[in-house]
Number of protein chains: 2
Amino acid sequence: MKPITEIAKNIGLAEEDLELYGKYKAKISNEALARLQTKQSGKIILVTSINPTPAGEGKSTVTVGLGDAFNRLGKKAMIAMREPSLGPTMGIKGGATGGGYAQVLPMEDINLHFTGDMHAISTANNALAALIDNHLQQGNELKIDQRRIVWKRVMDLNDRALRKVIVGLGGPLQGVPREDGFDITVASEIMAVLCLAKDLKDLKHRLSKIVVAYNVHKEPVTVGDLGVEGALTLLLKDAVKPNLVQTIEHTPALIHGGPFANIAHGCNSVIATMTASKLADYVITEAGFGADLGAEKFLHIKSRSAGIYPAAVVVVATIRALKMHGGVPKHKLADENSAASLTIGIANLKKHINTIKSFGLPVVVAINRFMTDTDQEIQTLLEWCKEENVPAAITEVWEKGGEGGLELAKRLLSTIESAENNFKPLYDLSDSIEEKVRTIVQKVYGGKDVEFSAKAKKQLIEFEKFGWSNLPICMAKTQYSLSDDPSKLGRPYDFTITVREFKPSIGAGFIVALTGEVMTMPGLPKEPAALKMDVDEKGNALGLF
Amino acid sequence: MKPITEIAKNIGLAEEDLELYGKYKAKISNEALARLQTKQSGKIILVTSINPTPAGEGKSTVTVGLGDAFNRLGKKAMIAMREPSLGPTMGIKGGATGGGYAQVLPMEDINLHFTGDMHAISTANNALAALIDNHLQQGNELKIDQRRIVWKRVMDLNDRALRKVIVGLGGPLQGVPREDGFDITVASEIMAVLCLAKDLKDLKHRLSKIVVAYNVHKEPVTVGDLGVEGALTLLLKDAVKPNLVQTIEHTPALIHGGPFANIAHGCNSVIATMTASKLADYVITEAGFGADLGAEKFLHIKSRSAGIYPAAVVVVATIRALKMHGGVPKHKLADENSAASLTIGIANLKKHINTIKSFGLPVVVAINRFMTDTDQEIQTLLEWCKEENVPAAITEVWEKGGEGGLELAKRLLSTIESAENNFKPLYDLSDSIEEKVRTIVQKVYGGKDVEFSAKAKKQLIEFEKFGWSNLPICMAKTQYSLSDDPSKLGRPYDFTITVREFKPSIGAGFIVALTGEVMTMPGLPKEPAALKMDVDEKGNALGLF
């Protein structure tokens, strides 16, 4: 690693523009952020993927390696990614910093406390919860219905025992007893708010609009009604500044914000993406899950809200994952006789390519090569792309770092140069909520129709009354299938999506449509990763990967 | 403020010895901490006080001002203090960074997230709780009795609704239902462990000994039994490094660790105090509450465990507080006719002076002057000190900074030079737990005797069996009185202290003796300080004081 001051210098940031967190991490100061706003913006490249499978696609790895590749080509490029949650780190190791030679460093810090953003968000979330319960205890002036408090507490941990709890027990001096529950921090609306806010002022405005409960007249009660948006903003004043780190190849990376990709929009912060685009000519950024969720939300929620539009979209696919979409179980992926499955599975990729095209955006396919892929399989996929007239490139960034992404980078540069970019959202905000959901189901998922539960229908009437109908939709759907049934891989047809409930995230500025069960507080496995973690006497982390 | 690198340079620390957190905060690296261990130690000056009153004594302010005064005298001095909890900051503003011109900076940062130590401790505490509940859920191999889990979750907030909760509700997939509760983070045994650990290795060893539950055979189950001491140490690897900041007068200060002063020992970390003593010739440090709790625990727990002995002890008193101890209510403190009350109240000071003397330590009285004090009142107190043959000095550090502490600093230097120092603990570790408690009650509190509840007596038999009898005692008693009755101000006599229960803190290495009710999770007031907090568009904190 190079000192982060040196990395910063290469993108025109002086030491006084940074707030250092050790030698290899820094936040960018408010002064620098304000100064940069007048600069011209570079081009955004959005990295998304086919529907994820247990075989692994390597979207983050491709994002990192692509940034490195652009720099190897002499282009001024930056990476803008989400920051990971500590919960999964202690549970089943995932690793959200890329992999192999395409990684963001310092890996240990980023996967542990990093610069404290998650902790600040947890604190703001839970301070709000304490203030709500204190309001009940101190006379309940706002007439909050204690059965209709929707604001939950959070922990940045996997802790299933906290999913459903009763708080306020122990008698009249210990609070008002009521049902409550904890989510993991990345599921907090405050995370989504922080990631969509353009600056401190916008952050405070959005925080004030968060609905925390309903009163005895069933009207929404907001953070603004409680009068604590100032305190919450104060708790977030540093968390809102983007974090500068570097890749193994010294490409500058902003790792900032990490909202859930189901009940939230699953992209890193607007402030980080905007800042990166002011500092570099090319910004490589990613969105959670597959293109049906991550890219759709990036384009309908983040792009629309912040005016950030991609110059091109990369759809990452692997031979292994496509074979799984074609029906091959994971333990048989190494078998040769799966040419037919690959062809069937490609239908999943095809749908996502067409979705991106329907937004009017240029698309490039990244074939993230695994060592087990045969030349014939790769050839099959490359030929298919050629027939479909979609630019494609093989990436080998895990093994080779930026060098393994050069082909993709070149393909992107020529595509951005030559292809047309006529971005247009698939729905208008003025469409009704039902219409907006239907558009997503039919145009993005390729489904037949959408059904709304009786509860959902009742909510729509209320939302209309509260003036929430013109917000974009945030779909909470399984990431494994285009449909709402995780077992339907490949390219399912003729399916109907059922919306069982809506969840208003008015601070973030979207309406969540819940399909199926959504897990917002993971549990730990029988043998948690924590059992293997340690630190040596010099302070070096052990067992993190 | 000067850049923290400059402050560090003055005490012989190079930039590579620091891990910067912005421009004005830094942690000291493991390499520097290891290198310093071989250096000779400077002298420790412990600042304590009479029993605290609502009138205010200003112990932290005197600690800061005294450090500044030593530096004005050309002595190489450092300050070692506790770091504050966020909970009270959001509730009723206290401010744990001193006051007036005797303050540690940057005040906003120290009172908010600082360098993330509190968050790391909360995370380690709650990760342990999640791992315990997961152990229950995944088959309970250790046969933990779910009714006898003593490890509680924490939040660094004032949140009364979390004092008593039920977790694990919602059916067999959501965990095992059981009673639980949340403490404020500073009450976590992990905070006490971190503050008594000498290094990372000692930290891990202490963590492994923490008792989290009892099994169905009523035997203790420890962190070591769960096999997660490595993971917890990893989560604390940065939190264990002391934080360097500065006073308004640029005196270097280590602000690190802040355990409760009732159920824990109430002193900043051993690592910080030790490190300061290697970097400076004089270290000014404080202990929580009055001398009956803070100083007693410093000397019996921290000194004994770490081999850190004070060269002298300062007892801070104010005319106002002494008058309250003499029976004057707070709203009548400005009245003139309270000479008699002052004389009565001085008995409280006298007891604390004699306690320090009984430890064989030199003592100096700091009379922390308020603007409302009359010359005659000050004269009365000074003459009393002269008669008692106790060195005393007036301090005016709130108004005048270090200059207001020069007299005290000079008095301390001459006392350290001339007075005898024959430190000896008042009890031996080999004494029985009952004897140890009795010694504290009789010699430190000046009480008649101690009574043990039936439960406490039963616990003592168990503790003997578990091999815990040779640990020091940590008394949890009201800070307002020498007795266990907060209304008995001044110098009560003939009182009996009742120990209702013991709490083993085996990782920290002490047995807590609980007298009366101990609040380990504060609540918010009707008008929380949070309502006045805000941040301007440039990111400046508003309403923090």
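In case you wondered, yes, glycine gets a Cβ from its N, Cα and C as well.
Automatic prediction, not curation, is the source of TrEMBL annotations.
Annotation comment: TrEMBL describes B:Thr53, B:Pro54, B:Ala55, B:Gly56, B:Glu57, B:Gly58, B:Lys59, B:Ser60 as ATP binding site.
The binding-site residues examined here are B:Pro54, B:Gly56, B:Gly58; by Cβ neighbour count within 10 Å, the least packed of them is B:Pro54.
The highest number of surrounding Cβ atoms within 10 Å, among the binding-site residues B:Thr53, B:Ala55, B:Glu57, B:Lys59, is found at B:Lys59.
A coil conformation is recorded for B:Gly58 (ATP binding site) in the three-state DSSP classification, outside any helix or strand. Here the Cβ of B:Ser60 (ATP binding site) has 25 other Cβ atoms within 10 Å, regardless of which shown protein chain they belong to.
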